[in-house]
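Worksheet: one structure, shown below.
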Amino acid sequence: MNIQWYPGHMTKARRMMQEDIKLIDIVIELVDARIPLSSKNPDIDSLAGQKSRMILLNKYDLADPEHTAEWERWFKGQGFYVYKLDARKGGQMKAITNIIQEACKEKIERDRKRGIINRPVRAMIVGIPNVGKSTFINTYAGKACTKTGNKPGVTKGKQWIRLNKNVELLDTPGILWPKFDDPAVGERLALIGSIKDEILNISELSIRLIEFLKEFYSGILAERYAVDENCDKIAILEKIAEVRNCRQKGNVLDLDKASKLLIDDFRSGKLGRLTLEFPQEQKI
Ligand code: GDP
């Protein structure tokens with residue numbers, strides 16, 4: 001499937017992010033735990049330069065825990081600090097700030113040697129649209145935290161949110177553009193809902209999901225829709241339409257409606273916690 005993507009304001013966004021990155025010590029990148037690589041923009045690697053790096057495997061509540069653990073090891077092997085989370089839920093602030101401090105320990109040590117003590121580490125959130133950046137900032141920096149930087153007389157300063165005495169967060173996240181050149185990546189982004197459904201071929205996408213589930217999560221379709229998974233993928237979609245009574249006028253099966261239903265069930269976690277790509281074997 002070929003998904004067209006129009007770069008639009010990317011150059012400007014990139015330039016702004018370059019400026020923001022100069023101000024911070026650590027780049028915290030949110031990726032979607034169901035597709036950790038496809039939802040990661042490789043450009044941030046060069047943009048981030050030598051800054052400390054942390055990956056948050058977000059929407060962990062929707063991803064397969066076993067594969068998330070593999071991804072966690074994989075990213076650690078690449079030199080990232082890693083944490084998996086559901087950004088909508090609080091209570092993980094301490095664990096996250098501890099990792100941020102650990103990731104920035106060299107900088108803290110450099111400061112200490114220069115006689116600078118207790119200067120907070122500064123962090124910035126980045127990620128592709130819809131990955132959960134605002135949710136994360138709201139949960140972690142919500143009411144409990146004080147905003148700094150917008151002091152009277154400082155009209156244009158950056159707004160920093162003080163998470164605690166050790167960490168400050170830039171209040172505007174950096175929006176990264178998804179990768180758009182690899183059709184397989186486009187498909188995965190489409191499945192998790194990061195590309196507008198209007199520009200997608202939903203039926204084609206649902207067929208790809210059926211193929212993937214048959215291969216990697218056998219039993220799931222049979223369990224939820226009482227279909228025989230040995231059938232051909234189109235027959236499976238027809239069966240889903242039948243079971244869920246997706247019909248057009250004249251009692252004809254409505255495969256578009258069934259496709260949408262299947263994809264919605266996947267996105268909302270009704271099919272269970274699923275991961276669409278694996279570190280060893282990039283597939284779907
Ligand atoms: P942003 O575009 O990166 O700022 O993404 P948002 O913060 O607006 O989140 C996009 C959608 O994902 C919203 O509907 C959030 O409620 C949802 N969301 C964010 N984090 C999580 C998570 O960890 N788990 C689940 N299930 N949904 C999440």
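Easy rule for this one: first residue shown is 1, then count along the chain.
For all residues, glycine too, the Cβ spot is worked out from N, Cα and C.
According to TrEMBL, the features are:
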- Asn58, Lys59, Tyr60, Asp61, Asn130, Val131, Gly132, Lys133, Ser134, Thr135, Gly174: GTP binding site (BINDING)
- 10-178: domain 'CP-type G' (DOMAIN)
Sparsest Cβ surroundings (other CB atoms within 10 Å) among the binding-site residues Asn58, Asn130, Ser134: Ser134
GTP binding residues Asn58, Lys59, Tyr60, Asp61, Asn130, Val131, Gly132, Lys133, Ser134, Thr135, Gly174: largest Cα-Cα distance, in Å and rounded to whole number: 24
Local confidence of the prediction over the domain 'CP-type G' (10-178), expressed as mean pLDDT: 88
Binding-site residues near ligand 1 among Asn130, Gly132, Gly174 (Cβ under 6 Å): Asn130, Gly132
DSSP three-state assignment for Asn58 (GTP binding site): strand
Three-state secondary structure, which DSSP defines for Gly174 (GTP binding site): strand
